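Colleague: One structure is given below, represented as structure tokens, and several questions about it will come after.
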Amino acid sequence: NCTMAICIEDNIVQVVPVICNPPPKPTCANGLSPVQVIDEDGCCWHWECDCYCTGWGDPHYMTFDGLYYSYQGNCTYVLVEEISKKVDNFGVYIDNYHCDTRDVVSCPRTLIVRHETQEVRIATVKPNTLQVEVTVNKQPVALPYKKFGLSIYESGINRVVEIPELKMNVTYNGLSFSIRMPYSLFGNNTQGQCGTCNNNTADDCMLPNGNIAENCETMADHWQVVDPSKPQCSPGLIPTKVPSTTPVQPCKESSICELLLGSVFKPCHGFVRPEKYYAACVFDSCVLPNLDLECSSLQIYAATCTDQGVCIDWRSHTNGICSYKCPSDKEYRACGPIKERTCKSSQQNETSTGQVEGCFCPNGTMPYDSGVDVCVETCGEFFHFSWMHFGEKFTVDCQDCICLEGGSGIVCEPHECAEQSKTSCDGEGFYEVNEVNSEDSCCPIVTCKCNTSLCTTKAPKCTLGFEVHSHIPSGQCCPVYQCVPKRVCVYQNAEFLPNSSVFVDKCQNCFCTNEVNVTTQLNIISCEHIPCNTYCEPGYERQPVKGECCGKCVQTKCVIHTPNIPDLILSPGEFKNDPNNNCTIYSCVNIHNQFISSTSEITCPPFNEESCKPGTITLLPNGCCKTCAPLDSPTPCSVRERKDFIVYKGCRSMDRVVMTECEGTCGTFSLYSAEANSMEHSCSCCRESRTAVREVELQCPTGHSISHKYVYVESCSCQDTEC
């Protein structure tokens, strides 16, 4: 009982009260007021910043720690899950859809709460309205609902899911949601689009792998979950473009957005800052001016203000744009009780101090019970939702009854339904559903509803450079898929955006163009070869080299530098005379890829012009040495020496070799012989009389050398021969 017993001595016990020192009030990162939480001893208390996440409009998010961002995905996403799993099958999820025909923005369609064995779905019946229906494990339920540690009830315009064991509640009304969780149970242990609840916005954009994204718009797309009704959504697929959260063209915002900054909401400005809600309102009024989605920004701001203890009647200041219509037997209140007192609850002394906007019983009346939507003036015996008078006819439990005096007082017979035309649901994905007839709740109407999970056509897997687009033709249920170009370039299993570089090889500069190949529907890659210097020195040719872009200059001929004339270029095995001196010969050989040039000089035999007949001097075939017709004076037969190169089968001596030859005149005549009565002939020629065989080494163009034998004349003489 918040007292402490102190043992003094000798069974003397002193009892003193536990003294609680009020802790200093902290500042919460989300801008909301901290809450008092009782300590474990039940006596003292401390401050905590509750985890409070909201979402509204198309849609805008405020994380647990108060970070604002907008995200236009149209899949099903994790709002909050535990990082370290402590509660079995626990999580809150949101199903978004494109609420604009241009597929520009999204709106929440279904809020999903999972806890242990139950899955609660609060789904919007009509887009952009506050009409919702509740199912548990895919079965419709009436409210209030309470089972297995989870309760669902109506609170004004909201449907509330409460898990008392976790001290958390989730509200949803078709346009906005809020999630409140205690820091003591969930601090530092949440992940999803609502961020990490730790009173620090720095890590609110955390990805499933624990990394922090550069912005929450990028983060939000990574929290997709598998949804069979949305085959076009693929968890793990990274978007190619971060959705824009600002209007493309400037516009004048709706006048009701200004209410957030004006005097209507001024009492709340000190508790909840309105700037982020104002930015969201301006965005909605500019992007979707015909859907009145800006009302959701005012509604969620007013709800947050009410949560902080400041209730504001704001709808009456919107000139009917954000008005809320109640049934004829109810009246609208901006600040009604969270749980309206009923005949049953008043007997149990239930009290609730919170406030909420919604439709309530008029003053002087109250609901009979939370499950009976009838307002009564006094609480007494009540039968099937209404007070009965004698002779009054009514329908209850699908029976037509009349209230009679005497006996049991009520006589009933089965209710008869009017005939209705047969409805056939033949199209793929359609199925028959019995819907409540607003005119006769006992006679359901058979209608056709679409369930895309019944469709057999699956989204194709597109090749690189293409992505899946889907659309549902008018009057059909199942989507039609097609792979459309992403307007990118593809090279070696990789995609490249236009104007980005593409590495093909190091010898080319390539980039992705905006030009499209009409055959492949992919963008064309344009390449230019790296500029090369193609000049090579004379005697050299540019040849390709592996690993180099421009090759290199390789010697293919001999380059002979000579004075007074331009350089000579010779191929291997080629001979060429000096243009100014025919007695000089240049040659080229290739030995082991080494180009070797050589110079040869022709040595002419002795030549005496005086021994020549005039006008007979000519050049020998070698173009160097002179010859002529000799004078009539005989020259005796003798040995003549000369030096010259020996060439045999393409091989040549390294130096000039001394060679000999016979030259001179011998006696030759024709005489008449009277005795023989005929001409007598006597002929002789200058021939070798003694010779020797000598050897010389010859160098061949291939680089090897051979030994060659030749005849050397030692003496000459005139020798007879036939004439």
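Even glycines carry a Cβ here, placed using N, Cα and C.
Per TrEMBL, the features are:
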DOMAIN    51-234  domain 'VWFD'
DOMAIN    373-449  domain 'VWFC'
DOMAIN    487-554  domain 'VWFC'
DOMAIN    637-723  domain 'CTCK'
DISULFID  Cys651-Cys700  disulfide bond
DISULFID  Cys662-Cys716  disulfide bond
DISULFID  Cys666-Cys718  disulfide bond
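I'd like to know what surrounds each of these features in this structure.
Modeller: Long-range neighbours of Cys700 (disulfide bond) (same chain, six or more residues apart, CB within less than 8 Å of its CB): Gly650, Cys651, Ile706.
There are 23 other CB atoms within 10 A of the CB of Cys716 (disulfide bond), with all protein chains counted.
Here the Cβ of Cys666 (disulfide bond) has 18 other Cβ atoms within 10 Å, regardless of which shown protein chain they belong to.
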Colleague: Per DSSP, what is the helix/strand/coil residue tally across the domain 'VWFC' (487-554)?
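Modeller: DSSP classes over the domain 'VWFC' (487-554) add up to 0 helix, 29 strand, 39 coil.
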Colleague: Which residues in the same chain, at least 6 apart in sequence, have a Cβ under 8 Å from the Cβ of Cys718 (disulfide bond)?
Modeller: Cys637, Gly664, Cys666, Gly667, Ser684, Cys685, Cys686, Arg687
Colleague: Please work out the mean pLDDT for the residues of the domain 'VWFD' (51-234).
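Modeller: For the domain 'VWFD' (51-234), the model's average pLDDT rounds to 88.
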Colleague: Counting only residues 6+ apart in the same chain, whose Cβ is under 8 Å from the Cβ of Cys662 (disulfide bond)?
Modeller: Cys637, Ser638, Val639, Arg640, Cys686, Arg687, Glu688, Val713, Cys716
